Amino acid sequence: MGIAVNLVTYLGGTMHLPSAESANVVSDFMGTSYLLCLLGGFLADSFLGRYLTIAIFAMVQALGTGTLSVATRLPQLRPPPCNSSTTTTCQHADRFQMGILYLSLFVIALGTGGLKSSVSGFGTDQFDEKDEKEKTQMANFFHRFFFFISTGTLLAVTVLVYIQDEVSRSWAYGICCISMLVAIAVFLTGTRRYRYKRSAGSPIVHILQVVVAAVRKRGLEYPSDIALLYEDCPEASRIQHTDQFRFLDKAAIMADGDNYVVNGGTSTPNPWKLRSVTRIEEVKMMIRLLPVWTTTIMFWTVYAQIITFSVEQATTMERSIGSFQIPAGSLTVFFVGGILITLAVYDRMIMPLLKNWKGKQGFTNIQKIGIGLTLSMIGMVAAALAEVKRLSVAREVGPAAARRGTTLPVSVFTLIPQFFLVGAAEGFVYTGQLDFFITRSPKGMKTMSTGLFLTTLSLGFFVSSFLVSIVKSLTAGREGNGWLADNINYGRLDCFYGLLAVLSAVNLGAFLLCAARTKPQTPKAGVQMESKVKSSSIDEDDVC
């Protein structure tokens, strides 16, 4: 977070990249970080295990932040500063300079992906869910885990951003590197004390096996009785057959050509040719997540604007409180505040109110996501209105607004509503998504469903990058300004925010249609359904 929230100001102010390109670099960096969670999860489940995955990718992340510290320190790796305050155009960073920066960011993204995929799961591995005392301790672990994440985020958007702006970028990134090395040392001290759980294998492989087996048997006729379909799972862990996506059921049709594999004298079916009904139903459960998965991507596209264009807006506005100047990246503290306040109000006020009024424990996960999507749409409307005011001041200033570093006489606190509203939206969307994807997925695919949830973040950032490129291309005038001009004082960022508000409204409508068709998940015989905290750890011995 210490890198992402203030990177756009470095790209524009030091590397002299255009506004839209700077935003896309940050979006691609964040998108790649979350997308690589799938790679980290696959390696952890299939080869390395969570412990080695954490140790290796933590070193990778430390290497990346160290490289970034060096890249921002050496003058050879950045273009010369603008010659004077009257300069409207500056020399852009060359390919070699950008190449070193991109390499540093990719290494950091690779390390982040490996860590995010395993660190929370490895924490829950240390507790035995069958022991009531340890089950309580695991809940406390999650509270502390998220507390330290929130603490890190607050430190990032305040202390680290201040050091970047007022002391040195290289010092700030060096602190990140040293902190990571210290964290690795602390992590390794517990090596002999940790509990290590055997992996049940990659859920991605299980899904591919079902699809491949179904395709291979696409010409076979369905049996007259579903009881004739193959099933080898214990009774307690079986999932009842459903009629939806019947094509996949062909993977459970037993045929003479299934090619049994002899293993130590025991014959077992080839998993690429025959799968059990339970395994097939697990895949069906994952498919049913996709409509909600698709309609939550748009929120993270909106989120991307808060750490890119909104921060860039702040760089042009009056940020002084007396003699102290607030770093532009530190405006995201209002975003974090929106998250924390929303969670506190929901926990202390809304939940007790709903429990006393309707006997409910709170909003359902679908309702939370819907509320979050609505707030994010309103946040974009607020962002558009704030930009209208900022641009009107820029027009009054006149030619001086074209100079780099010009401060417009409009308070940066005008941007607080958009930061707060989108932060509040994340408080609902993030918790709603996590709860939805975990509680509606089979026990053996909790890691996979969490990875699916994280891909919505990744795709949201990539969609933002794509949308910025399309809008810049379509709206660019003869002078190359358009909605997303190189200098945002000459652009129409308000129109771009308005476009996002319209797209958010359309997406909200699509989500409501999907939600109307999404039936509440009720545990059936043999289906393992758990709470959000409990299901974060997979007991492989109970998985079919």
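Even glycines carry a Cβ here, placed using N, Cα and C.
Features as listed in TrEMBL:
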type	residues	note
TRANSMEM	25-44	transmembrane segment
TRANSMEM	51-71	transmembrane segment
TRANSMEM	100-124	transmembrane segment
TRANSMEM	145-164	transmembrane segment
TRANSMEM	170-189	transmembrane segment
TRANSMEM	285-306	transmembrane segment
TRANSMEM	326-346	transmembrane segment
TRANSMEM	366-386	transmembrane segment
TRANSMEM	406-430	transmembrane segment
TRANSMEM	451-476	transmembrane segment
TRANSMEM	496-516	transmembrane segment
REGION	525-544	region 'Disordered'
**Q.** Same-chain residues at least 6 beyond the ends of the transmembrane segment (25-44) whose Cβ lies under 8 Å from its Cβ atoms
**A.** 3-4, 7-8, 11, 17, 50, 53, 57, 105-106, 108-110, 112-118, 121, 199, 202, 204, 304, 307-308, 447-448, 450-451, 454-455, 457-462, 464-465, 468
Q. Relative to the transmembrane segment (170-189), which of 51-71, 285-306, 406-430 accounts for the most Cβ pairs at distances under 8 Å?
A. 51-71
Q. Can you say which of 51-71, 100-124, 366-386 has the most Cβ pairs under 8 Å with the transmembrane segment (496-516)?
A. 366-386
(Q) Can you work out which residues elsewhere in the same chain, 6+ from the ends of the transmembrane segment (145-164), have a Cβ less than 8 Å from its Cβ atoms? (A) 1-2, 5-6, 10, 120, 123, 171-172, 175-176, 327, 329-330, 332-333, 335-336, 340
Q) Taking residues 6+ outside the transmembrane segment (100-124), which of them lie with a CB under 8 Å of any CB in it? A) 3, 15, 25, 29, 32-41, 43-44, 50-51, 53-54, 56-65, 67-68, 71, 77, 93, 138, 141-142, 145, 194, 447, 451, 454, 536-538
(Q) With contact taken as 3 or more Cβ pairs under 8 angstroms (pairs 6 or more apart in sequence), are the transmembrane segment (326-346) and the transmembrane segment (51-71) in contact? (A) no
**Q.** Selection from 51-71, 366-386, 406-430, the stretch that has most Cβ pairs under 8 A to the transmembrane segment (285-306)
**A.** 366-386
Q.
Below 8 angstroms Cβ to Cβ, which residues of this chain, lying six or more residues outside the transmembrane segment (366-386), approach it?
A. 292, 295-296, 298-299, 302-303, 305, 310, 313, 414-415, 417-418, 421-422, 424-433, 435-436, 494-495, 497-498, 500-501, 504-505, 507-508, 511-512, 515, 518
Q) Against which stretches of its own chain does the transmembrane segment (51-71) lie, if we need a Cβ under 8 Å and a gap of at least six residues from its ends? A) 3, 40, 43-44, 77, 100-101, 103-115, 117-119, 122, 169-171, 173-174, 176-177, 180-181, 183-184, 187-188, 191, 194, 196
